[in-house]
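Taken verbatim from Swiss-Prot:
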CARBOHYD  ASN128  N-linked glycosylation site
CARBOHYD  ASN165  N-linked glycosylation site
CARBOHYD  ASN220  N-linked glycosylation site
CARBOHYD  ASN348  N-linked glycosylation site
TOPO_DOM  1-49  topological domain 'Cytoplasmic'
TOPO_DOM  71-452  topological domain 'Extracellular'
TOPO_DOM  474-516  topological domain 'Cytoplasmic'
TRANSMEM  50-70  transmembrane segment
TRANSMEM  453-473  transmembrane segment
Amino acid sequence: MGHEEELSPEQVDLKVSPLMGSLKRTWNDFCATSSIHGLRYTRDEDTNRIVHFVWLLISLVMFICAVVMARTFYIDFRSNPTRMNVESDNTPVNTLYFPPVTICPDVLFNMQKSEAFLQTLQLPQGTNQSVILRKLHIFYGFMLDDEKYSEQDTSLMESLLSLNNLTLQQLVEHLRWNCDEILYRCRFNGQIRDCLELFQLSKTFFGHCCSFNLRQTGLNFTAERAVGGLKYGLSVILRYKDDSYDPVQSYSFGVKLLIQESDAFPSAHSSSKFIAFNSEVFAAIRPQETFCSPAVKALSIEDRNCVFRNEFKMRYFKNYVYPNCELNCRVTNMVKFCNCHTYFFDFNRTTDRICTFKDIPCLVDNFANIISRKRSTQCYCPLTCEHLDYDVQISDFPLKLNMPVGDQFYSGINKNDGILHVFINSFGYRRLRHDLLSNMVTLVSNLGSAFSLFVGMSMLSVVEIMYYFSVILRKNYVLECEARKKMLHKGPKFAWPKANDSHSKHQKSVFIIHKM
């Protein structure tokens, strides 16, 4: 490429401005020497204007295609920047806590305790202990909408509270099960242990239950580590300590087993299984952990489409996991529609009123709104970036009393007992890494591939464009201005018009320029 140090008069077009002339000259130089495919043919002197136009059109179409593909790459990068990779299928399970185990009696209250406590209370006029016991099923109105409860029933239970100066929570404390009334014998990690050392009374969506290794406000987190295999799991003999328990009348003969993350509130979101009495049940657990790479942690919430536990605050629950957010929405709707929330959601984090029997009709009537069946009552609950999932497989067998076993754990079992074994079925577990689908290097590589495929551009081509339309453009502009100045300084020939020109009222100068 050669650039003239001085332009001849024939190379200067006085019909356009110096800037336009220098731009045109720079464009011609760029097309003649550019590495971009097709541009040189748009200024080929050996072809006509039709060929020039065709090549210009082809180059323009190819450039548009490159831009469209590059935009597609960028949109994909922004809309779905992450992916899941299996980091390991054999991570040692002893790096995890043992999965939280919650055991809930399938009947809300210990009837033997309830009868004894009601004998100490002043009962409403015209009623007796048997009537009150039959009305205890009204507590299901705090949880479900299966039944409509009459105003007479709710008023009767309200009067029971007021006559004895009791709150609903105090009444529940005297009626509920204790853990030693459900759990007869426990074994963990191969050793028989006191059940009350392992299990603590917890609040759940199903009322009061007994939980092991659960992190909940008011509980001491035992932080027991996991070990693979049946021998090192948790075994429990289940036996109701309630002489008044009638499985026919209660329509139940067993307990609920709930397994979820240690920070999650036990609820319908948990992995729930029914453990029947007069059987031996084996619950084999396979954990799966999802965690994030440092690159994903550095992304914004909008880009990774998930949150960490300290990034999303809730009113009624301390620790953020997705099930807790759904329940937080449920409690919020309770307060919104009924101005109270149920007793098992009381963690002393707010001053909201606790629902009593008089609020049950409101809770039942607004059940669809409370559990967010309608879009208008749904809440925003982002997914958690890091979490543990538990796949629970159940195997159950009839309980054999006369089977010769040398294990002291089985001594003294009764025919109506239930035996539960919860264990991790492998010494290793799967870890999934939430990683970047592509980083900035990959994005730049994809963009470069698009432009290279269609127009043959590279980063060097970008530098070339910048060079031509800065350095070379300035040089051409200076040459253009100098050439025009020299043409004017050579003194063009001109003539004055005659003084008696009748076609003009004012004297005008008419320049007649002759080419030199």
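Cβ coordinates are placed from backbone N, Cα and C, and glycine is handled just like the others.
From a predicted model like this one, the values you see are computed outputs, not experimental measurements.
In this structure, the CA atom of ASN220 (N-linked glycosylation site) is 17 Å away from the CA atom of ASN348 (N-linked glycosylation site). Taking DSSP states H, G and I as helix and E and B as strand, the topological domain 'Cytoplasmic' (1-49) has 25 helix, 0 strand, 24 coil. Calculated from their C-alpha atoms, the gap between ASN128 (N-linked glycosylation site) and ASN348 (N-linked glycosylation site) amounts to 35 Å.
The local packing around ASN220 (N-linked glycosylation site), expressed as other Cβ atoms within 10 Å of its Cβ over all shown chains, amounts to 8. Fewest other C-beta atoms within 10 Å: among the glycosylation sites ASN128, ASN348, that description fits ASN348. Following the DSSP three-state reduction, the secondary structure of ASN128 (N-linked glycosylation site) is coil. Rounded to a whole number, the C-alpha distance linking ASN348 (N-linked glycosylation site) with ASN165 (N-linked glycosylation site) is 21 angstrom. Neighbour density for ASN165 (N-linked glycosylation site): within 10 A of its CB lie 8 other CB atoms from the protein chains shown.
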